[in-house]
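Participant: What follows is a single structure, and I will ask about it in a moment.
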Amino acid sequence: MAVKLIYLFLFLYIALLISGRTMSTTAGRRDGKSGRTEWLYVAGECAKLPRCNKYCVSNGFHLGGFCEKLSPQASYLSCVCKYT
């Protein structure tokens, strides 16, 4: 029984790591070889968060945030917070 629980928690941990709400980009020079990884967190729709940057900073994302369309087919802008 304990082994099954360990596998369940491992599966949930991996699922959280590869969830669709986080994306990774490389920050730095144009060729992307600075070595620093910048993570993006989708906080919600910008219509619901009109001060996206202030929202991100006040919630611990010290690099701030911005509004962006996540795909060409998206009909709304999403608030994206940055962190390392």
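Backbone N, Cα and C define each Cβ position, glycine as well.
Worth saying up front: this structure is predicted, and the values here are computed from it rather than measured.
As annotated in Swiss-Prot:
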type	residues	note
SIGNAL	1-24	signal peptide
DISULFID	CYS46-CYS67	disulfide bond
DISULFID	CYS52-CYS79	disulfide bond
DISULFID	CYS56-CYS81	disulfide bond
Participant: CYS46 (disulfide bond) to CYS56 (disulfide bond): how many Å between their Cα atoms?
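Facilitator: Given the Cα positions, CYS46 (disulfide bond) is 12 Å from CYS56 (disulfide bond).
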Participant: Using DSSP, would you call CYS56 (disulfide bond) helix, strand or coil?
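Facilitator: Once the DSSP labels are grouped into three classes, CYS56 (disulfide bond) ends up as helix.
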Participant: Report, as a single number, how many Cβ atoms besides its own are within 10 Å of the Cβ of CYS67 (disulfide bond).
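Facilitator: Excluding its own Cβ, the number within 10 Å is 16.
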Participant: State which of the following disulfide-bonded residues has the fewest other Cβ atoms within 10 Å around its Cβ: CYS46, CYS52, CYS56, CYS79, CYS81.
Facilitator: CYS46
Participant: Can you tell me how far the Cα of CYS52 (disulfide bond) sits from the Cα of CYS67 (disulfide bond), in Å?
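Facilitator: Here the two Cα atoms lie 7 Å apart.
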Participant: According to DSSP, does CYS79 (disulfide bond) sit in a helix, a strand, or coil?
Facilitator: strand
Participant: So, in DSSP terms, is CYS67 (disulfide bond) helix, strand, or coil?
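Facilitator: Note: CYS67 (disulfide bond) is in a strand by DSSP.
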